[in-house]
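Pulled from Swiss-Prot:
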type    : residues                          : note
BINDING : Gly75, Asp76, Met77, Leu78, Arg97 : substrate binding site
BINDING : Asp98                             : divalent metal cation binding site
Amino acid sequence: MHYVTPDLCDAYPELVQVVEPMFSNFGGRDSFGGEIVTIKCFEDNSLVKEQVDKDGKGKVLVVDGGGSLRRALLGDMLAEKAAKNGWEGIVVYGCIRDVDVIAQTDLGVQALASHPLKTDKRGIGDLNVAVTFGGVTFRPGEFVYADNNGIIVSPQALKMPE
């Protein structure tokens, strides 16, 4: 489905929260949305690797990487695996890499920046906890929508207005 965040904001002003404008769109899908699954980690993408292996149909992985600009939490192999397993998109409060390949992948990806260095895999992080960045709290089971205009969060699923 194609989402337009300004239209969703206009149709549901009482429901949406808008994330501060700090993200760039890197994925092959220019818009995406779905149920939130969260990861909180810092320069360790072990849980990202685990989650993209699972069925992600109708879901968006929201990764709170602490805003680190020193390591990439997502690369082409994990993005391709996420697309294969039906994930709608991934939002990374941190960096990604392999951006040219990710731009060709059928997956929505928004992140702060790109960085060529991968993370360590120490198995450290938290799954499905509330995470806060960009002035908004992302809660598992709520919904996130993203496009080139920005990222919004809602406590319930939203439909594009007619």
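Glycine residues also receive a Cβ, built from the backbone N, Cα and C atoms like all the rest.
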Remaining residues near the recorded substrate site, that is with C-beta within 8 Å of the centroid of the site residues Gly75, Asp76, Met77, Leu78, Arg97: Ala72, Leu74, Ala79, Glu80, Ile96, Asp98, Val101, Ile102
Candidates Met77, Leu78: member of the binding-site residues with the richest Cβ shell (10 Å): Leu78
Site of maximum Cβ density within 10 Å, from binding-site residues Asp76, Asp98: Asp98
Rounded inter-Cα distance in Å - Gly75 (substrate binding site), the residue listed as 'divalent metal cation binding site': 5
Distance from the residue listed as 'divalent metal cation binding site' back to Met77 (substrate binding site), taken between C-alpha atoms, in Å: 9
Cβ neighbour count within 10 Å of Arg97 (substrate binding site): 23
Nearest-integer angstrom distance between the alpha carbons (Cα) of Asp98 (divalent metal cation binding site) and Asp76 (substrate binding site): 5
